[in-house]
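Heads up: the structure comes next, in structure tokens.
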Amino acid sequence: MEMGWMHSWRQRQVLVFFVLLSMSGASAELGPYSVVEETERGSFVTNLGKDLGLGLTEMFTRAARIISQGSKEHLQLKVQTGDLLINEKLDREELCGQTEPCLLYFQVLMEKPLEIFQAELRVKDINDHSPVFTEREMILKIPENSLPGISFPLSNALDLDVGSNNVQNYKISPNSHFRVLTRNRNDGRKYPELVLDKELDREEEQEISLTLTALDGGSPPRYGTVQVHIEVIDSNDNAPEFEQSLYKVHIPENSPVGSLVVTVSASDVDSGVYGKISYTFFQPSEDISKTLEVNPMTGEIRLRKQVDFETVLSYEVDIKATDGGGLSGKCTLLLQIVDVNDNPPEVTISALTSPIPENSPETMVAVFSVSDPDSGDNGKTISSIQDDLPFLLKPSVKNFYSLVTRRALDREERAEYNITITVTDMGTPRLKTQHNITVLVSDVNDNAPAFTQASYTLRVRENNSPALHIGTVSATDTDAGANAQVTYSLLPPADPHVPLASLVSINADNGHLFALRSLDYEALRAFEFRVGACGRGGAARAGRCSVPEGPFPGHLVDVSGTGTLSHSYQYQVCLSGGTGTSEFKFLKPTIPNLESQSTGREIEENPSFRNSFGI
């Protein structure tokens, strides 16, 4: 494990190739689950704890939650029990329209440790809609000499339900001339076709009114009706006929508005007004009417608005050619949209942790998903981050990734990271999306204070005035905030007979040293005071510097950050005569294993420590 981690850590290039379609069969999947539409809020779907093989409290302790696609939260998870419940009534028609099956995708995210499961919920249809005809009345003009067996397509009814709950059959009211057949379109919809069984005689009957009924497959079936009004007209021997019964056309989705889709053509062997043809769409949907237009004279079909492969893959519409006598023929246009790479990848952040404590082992920073609605190579993506950062991208289930630290972070080395997640698709031209996140590193009290010099030399004349400032010591702490605030104090002397507390004092805030009384070289020639520097945060937040108890060796001075880390120095103060001057001398410390924090030389007469005598 350690060798694998080190190998991964050494890699400079952080690129993750992820193919959305190839992972659709990922093993970390749940379900599928199903629920009937209009089920009451709070209804039980499944127990995810049992499905995942988890104990009763693991869903709670692992911080499990549901991530839904889209803006609505259709499901809710009771982490105390593991039950997955309906959060609101689901309307299958509102969610999916005519798409069947109606699937809602969601993920189960467990953060401790990180684990993601892909799941889907199928919303089953109920028969809650009746067939509806969009026209209040259908009008047909049929020549009196029409031969029995001729058929006339009628407008189909619409039903928002799907499958067997959609329109399944059409019936016509009893009459002596017509029957109705139920036909299937290529898209699965059923439409009625009126068939002439007995020849018409205008002189006998000029108009015929029938009732057309559409029935769905529910139990009991729902139905809708419309009136069919037939006008019997004088002879127009021939109806228009199209050159093709089906026009199949492909156009790229970036075709501009006004582009020619196809030109349909029909002919009528009749002459005069009966041979003049006009073209119209036959019962176009609202979407067709907004997208396509047909020239009634030429049969040219053009785009009214730009099409989008990611929204609609194909369009199907019937075109009717009608002559001057009212006879008509029809053909079908099947327009298929060709995908182009016009959508950049999208990055969605699901979870983000910031700040991250320094010195932590591998830590999850963020969880995000990548999506690209394009198809084929246009929808395949590559995800990466900068290769000079101590972070790593790890692919998770399906289109999810986790951003983790490669190693423990050091705030003193770097306190903030700006990470750019770059996602590029494989289309032509390649499109990319960048998402920036900022990760802060929070401070841990892991550094003890250190004096700025290894040794100090101060000089003081004997018979000095009391409260004389004799010098300053200084220590710094590379931690931040309260962890970096330093307090100075005098530690007990090695010689308990030396009245150190009556000789010198130190300012706890700035390290200034003061002689408390006049010093007499003849009375006291030398003595030893250890100086301790402490961090006010962490373990020392109560304002007390924690140092080892018991007698201190004479060569130690304590420098403590949190009361648990220390560097030790030795100082000796002596008074000497013979030259008419006295000096207060800090001898060079002996610091085992701390050569990197000491220059190893004694600093004599540092200007920053000159006393009020100017010596």
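Each residue, glycine too, has its Cβ placed from N, Cα and C.
What TrEMBL says about this protein:
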{"type": "SIGNAL", "residues": "1-28", "note": "signal peptide"}
{"type": "DOMAIN", "residues": "134-242", "note": "domain 'Cadherin'"}
{"type": "DOMAIN", "residues": "243-347", "note": "domain 'Cadherin'"}
{"type": "DOMAIN", "residues": "348-451", "note": "domain 'Cadherin'"}
{"type": "DOMAIN", "residues": "452-533", "note": "domain 'Cadherin'"}
{"type": "REGION", "residues": "595-615", "note": "region 'Disordered'"}
Residues of the domain 'Cadherin' (243-347) by DSSP state, where helix covers H, G and I
10 helix, 49 strand, 46 coil
Reported in the order helix, strand, coil, what are the DSSP residue counts of the domain 'Cadherin' (134-242)?
3 helix, 54 strand, 52 coil
Reported mean pLDDT - the domain 'Cadherin' (348-451)
91
